[in-house]
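Here's the structure, in structure tokens; my notes come after.
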Amino acid sequence: MTKKRHLFTSESVTEGHPDKICDQISDSILDAILSKDANARVACETTVTTGLVLVAGEITTSTYVDIPKIVRETIQGIGYTRAKYGFDAETCAVLTSIDEQSADIAMGVDQALEAREGQMTDAEIEAIGAGDQGLMFGFACNETQELMPLPISLAHKLARRLTEVRKNDTLSYLRPDGKTQVTVEYDENGKPVRVDTIVISTQHHPDVTWEEIDRDLKEHVIKAVVPAELIDGETKFFINPTGRFVIGGPQGDAGLTGRKIIVDTYGGYARHGGGAFSGKDATKVDRSAAYAARYVAKNIVAAGLAEKAEVQLAYAIGVAQPVSISVDTFGTGKVSEDVLVELVRNNFDLRPAGIIKMLDLRRPIYKQTAAYGHFGRTDVDLSWERTDKAAALKEQAGL
């Protein structure tokens, strides 16, 4: 059956989006704790609404951090600094409700099942079981230099640029909340050939006209980010299509940690196990194993073993070894998927403690991931984005 040309769409949001405010607060608290206590257990959830922030969750640590102070500093950094924006770092109420991690969970994480049964084979790796059951996916493809799908890559770049021109006063009438969406057309071979549609919605000062916003965003945001060769006379632009976006941020919509999991990953291009990232320390496989799966997939593609690769990992609570590892190359693999799974097992330690050690995840590195995506980042140095295993994989595959 002949493949047809098709469209695929992904979206991103700015750091001022209500859900992203929550992700950044949760990860700022996590970073503050990890900077003083690398072995802390953190599961920190945030919700925001008009004039109110609630931080709740389970945190077990030997240190103290000033949560309200961290909350206010994070909100200020995003740009909610005036009451007329509907949300103000100085005047919003901050409520906290923090418990310790459940002793039942801690028991399984502190000493993994294999250690309790004397089956741990690697003495170097401390016995840490998975903090929960679950399945995680990692993905990579050769559509972009950073080995990410083009739609989410462009959507993130537009969202980041929207924030940039607001903060550097190029477009001083912009306010923090905003969303971007990019539709890419793929040819019969599944290769991206053009941008079909761009949607940008941005919060703004009440006195600016739609015509001004439309002109400025095309000039200072879209042209600055999207390669000219991807845009043609048929490309459609929808800039603030409702005509007005003054009420935004937590005043416009309540926000919650972990509600932008597709924005955080691959824009819907790959499957998702359902677990969110922000506010969780690395013993939570929702986060660490998703990072590891991306690391594996990216190295497979970087090694030339496939044009695209999706890796699934799955865990049982309290058990260190993954219960399953699978690799799907969508027919683009240079070797069989069975061979790839064997290569993955031989080159990557995918036990929770192995992942933490391999990717050095006990550091305060998480706030920078809480907006504009956790993968394909070129602006920050993230260990799971390295391709340092590619040469070994290629050699062992005999290519």
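Using N, Cα and C of the backbone, Cβ positions are placed for all residues, glycine too.
The secondary structure of His17 (ATP binding site), as reduced to three states from DSSP, is coil rather than helix or strand. Per Swiss-Prot, the feature ATP binding site maps to His17, Asp177, Gly178, Lys179, Arg244, Phe245, Asp253, Arg259, Lys260, Ala276, Lys280; the stated evidence is sequence analysis.
Sequence annotations record features per position, and here Swiss-Prot assigns Mg(2+) binding site to Asp19.
What Swiss-Prot records for Glu45 is K(+) binding site. The number of other CB atoms found within 10 A of the CB of Glu45 (K(+) binding site), across every protein chain shown, is 20.
When secondary structure is read from DSSP and collapsed to three states, Lys284 (L-methionine binding site) falls in the coil class. Under the heading L-methionine binding site, Swiss-Prot lists Glu58, Gln101, Asp253, Lys284.
Per Swiss-Prot, the feature region 'Flexible loop' maps to 101-111; the stated evidence is sequence analysis. The region 'Flexible loop' (101-111) scores a mean pLDDT of 57 in the predicted structure.
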- Message: If you count, for each of the binding-site residues His17, Arg244, Lys260, Lys284, the other Cβ atoms lying within 10 Å of its Cβ, which residue has the minimum?
- Response: Arg244
- Note on the structure: Cα of Glu58 (L-methionine binding site) to Cα of Glu45 (K(+) binding site), in Å and rounded, measures 9
- List of residues, in chain order, with Cβ under 8 A from that of Lys280 (ATP binding site) and at least 6 apart: Leu30, Val42, Ala43, Cys44, Asp286, Arg287
- Message: For Glu58 (L-methionine binding site), which of the three DSSP-derived states applies: helix, strand, or coil?
- Response: strand
- Message: Just checking a number: largest C-alpha distance across His17, Asp177, Gly178, Lys179, Arg244, Phe245, Asp253, Arg259, Lys260, Ala276, Lys280 for the ATP site, rounded to a whole Å.
- Response: 36
- Note on the structure: Quick tally, other C-beta within 10 angstroms, Asp19, Glu58, Asp253; top of the binding-site residues is Asp19
- Item | Cβ packing number for Gly178 (ATP binding site), 10 Å threshold | 29
